[in-house]
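Here is what TrEMBL says about this protein:
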REGION    1-137  region 'Disordered'
COMPBIAS  1-13  compositional bias 'Polar residues'
COMPBIAS  55-86  compositional bias 'Polar residues'
COMPBIAS  87-129  compositional bias 'Low complexity'
DOMAIN    281-662  domain 'Myotubularin phosphatase'
BINDING   ASN406, LYS407, ALA408, LYS409, ASN431, ILE432, CYS494, SER495, ASP496, GLY497, TRP498, ASP499, ARG500  substrate binding site
ACT_SITE  CYS494  active site, phosphocysteine intermediate
REGION    700-733  region 'Disordered'
COMPBIAS  708-723  compositional bias 'Low complexity'
Amino acid sequence: MSDSQQRPGSANAPSIPLRSKRVTAPPFSPPPPPINQYSMVPSVIPGSAQRTDRSSSSPGRSLIPQQRQHSAESLLSTSTAHQAGQSTDASSMRSDRASSMASTAVADGSPSVPSSIRSTKSSSSSSLSNTGEPLVSAREHRGELGSLEDAFANLNGEEVKLTSKTVQHVDGSTDALQSGVLTITNYRLIFRAANPADSFDLPLSFISSIDKVSTTSNSQNSFRLRITCKDLRREVFVVTKNADQPSQKHFLDVLKAHAFPLSYKRQLFAFDYKGEYSSEGWSVYDAKTEYKRQGLPNDMWRIANVNQKYELCETYPSVLAVPLNASDELLFGVASFRSRGRLPVLSWIHPVSHATITRCSQPQVGLNGRRSKDDENYVKLIHDANPSYPRLCIMDARPLVNAAANKAKGGGYESEENYPSSDLVFLDIHNIHVMRESLRKVREMCTPRIEDPNHFYSNLEATHWLSHIKAILAGALKIVDKVETYKSSVLVHCSDGWDRTSQLTSLSMIMLDPFYRTIRGFQVLIEKEWVSFGHKFAHRIGHGEEKEATERSPVFLQFIDCVWQLTEQFETSFEFNERFLIAIIDNVHNCRFGTFLSNFEKEHGEKNLKVKTVSLWSYINSDLTEYRNPFYYQQPQDSTGVDNVLYPLTTHRYLKLWLRYYARYDPSVKYQEPIEERHKQLLYALQRLTELRDNLKKEAAARRDSNAKNNNNINTIPRSSSNHSRVTEPVHV
């Protein structure tokens, strides 16, 4: 069987028996319904019997008949109730006039939507890469900036550091020179061109490198500046000396000092930014509240406070969930045997089978085959905490060759002889250095525009990017299969337990638990599995550092990419949309918020980020309109409280390059219709229809109560003797 034909039962994914609760993407997705070319809304509203795709080509996209059926029935009942409501008095209908206007908007594609749901943020595709403020322009649809001398709207805490009027921008697609004014603030670089459509801005923390290139002519008076960014774009400027700007060195010094503030002994912009929002993002996640939602503590697991002062493990959170019978002394013994002291702790527990997902780092076995009785006994306690399955599965994210090579550095992996109740599986996910090189090839392929489209797929294959995405998703799917199908507990680790481990635990929890597919749940997941459990954001992203250290790697970007792949296969299962994911990954880079500035929880507290900076979730949660998925359908939970589990298809046939992120600055890569505005209209129409349905249900209930009361009054009247022979039960023919 070819790679494109392999299914979860192949060597690349676990064998999963067909089950009634299984949700899987189909081998073939039908074409989307026709869209009125003169309308901004689809001819089928969300939840109808037909499916509306968000793009013209979507192999492997989810088609969930049960979800569509429920949605269609709800809309049908709404339509029936609406028709019934037309026979009521005129005053009742006038009160629902606004609701009927929403239906009209869906029917005729009218763009008239109340201003309350219109976002003040730019709706263009590349504005996703920036701050979301009105002046943060898009490459395809940049906002009107007025004349070059007009002032721009500063953010709260933003200050102008330099302005140059003799700067030309080199268009990446045509190599044409565009004259304009370049302004450098302590947060961003703003280029205002003579043509407003060519104006744009760039958060300085996006910059990964600045290279000065001499021009071929008049090199004494001008030079080329090549700026390479973490979001894969590359900008080139020609800077010319004049009376207002006599020094090239001063220009470069100002730019580098604010693009790489930590290298120049300055603080990141997040500490200067004083934005105010209606939502408090720092309260989104609380460890004890999340463990309580999972049903902890229980008769097998307890909440431990042994790491309150970070003495057990410096890079772990202060609140941990450990086996009930594990003493604090045992925990310290286990931590001494695990790399960086990152001992196995609980991430997620199944609400029915009590199978668990635990995470840790590699054991320090070394070349001499060192053992630890504390560690072996502790792993046995994790195994005994799940009575549903007699074996514990240890998932090592690394290739076997890499894991064996780590023995020379004092690391290694568990031996099935020393852990007799365990099965060891290697997931073949490569290290951060391989991933960094793969992303570099993606940048070369997509920047400044996708070259040689006739060889797009062969060029994409040469990057190996989708192969890495496939390996991560397939590894997470194996964890899901063990936990859900076989009721087995799973212990996950890589080398240090903060890169590939976070990817695998997070993705498997998304597939297993529908809470993490909501906007709030996804924020909790990131705070828990990434921020709290010590993913090294500062080192992996390189916040404020000029030197490109070897620790930089797109680990978190790969996780977001994998989530996007899931949303493409299961588009009705996620409350958030693509814009939400892009907003998160962009704000990881731009250093405007304090959420992702540290490497672990202890460092987060030492920097006092909750007091000195603003949370990203404050910004996002203050206006969720543009981040909601209009096709989201929240299935009712069954009697056991377990919702459907996602089983994605992980072969290359169903994976795609995320062009709306990696190639979003290529003018040819954009939606051919205003898809985001259409989604807003659908959300508004759905909201109004839901309100109409609820009102009609209340009216129907009131009528039933009134009729029941009248019937009771009638039943109190004495019946004649002839009524005793009347048939009181329904007659079935």
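Glycine is no exception: its Cβ is also placed from the backbone N, Cα and C atoms.
Values in this document were obtained by computation on a predicted structure and should not be read as measured data.
Taking the features listed in TrEMBL, we show where each one sits on the structure.
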| residue | record | Cβ neighbours (10 Å) |
| --- | --- | --- |
| ASN406 | substrate binding site | 20 |
| ALA408 | substrate binding site | 10 |
| ASN431 | substrate binding site | 16 |
| CYS494 | substrate binding site | 28 |
| ASP496 | substrate binding site | 19 |
| TRP498 | substrate binding site | 24 |
| ARG500 | substrate binding site | 28 |
Segment confidence, the domain 'Myotubularin phosphatase' (281-662), expressed as mean pLDDT
94
Site extent for substrate (largest Cα pair distance over ASN406, LYS407, ALA408, LYS409, ASN431, ILE432, CYS494, SER495, ASP496, GLY497, TRP498, ASP499, ARG500, Å):
21
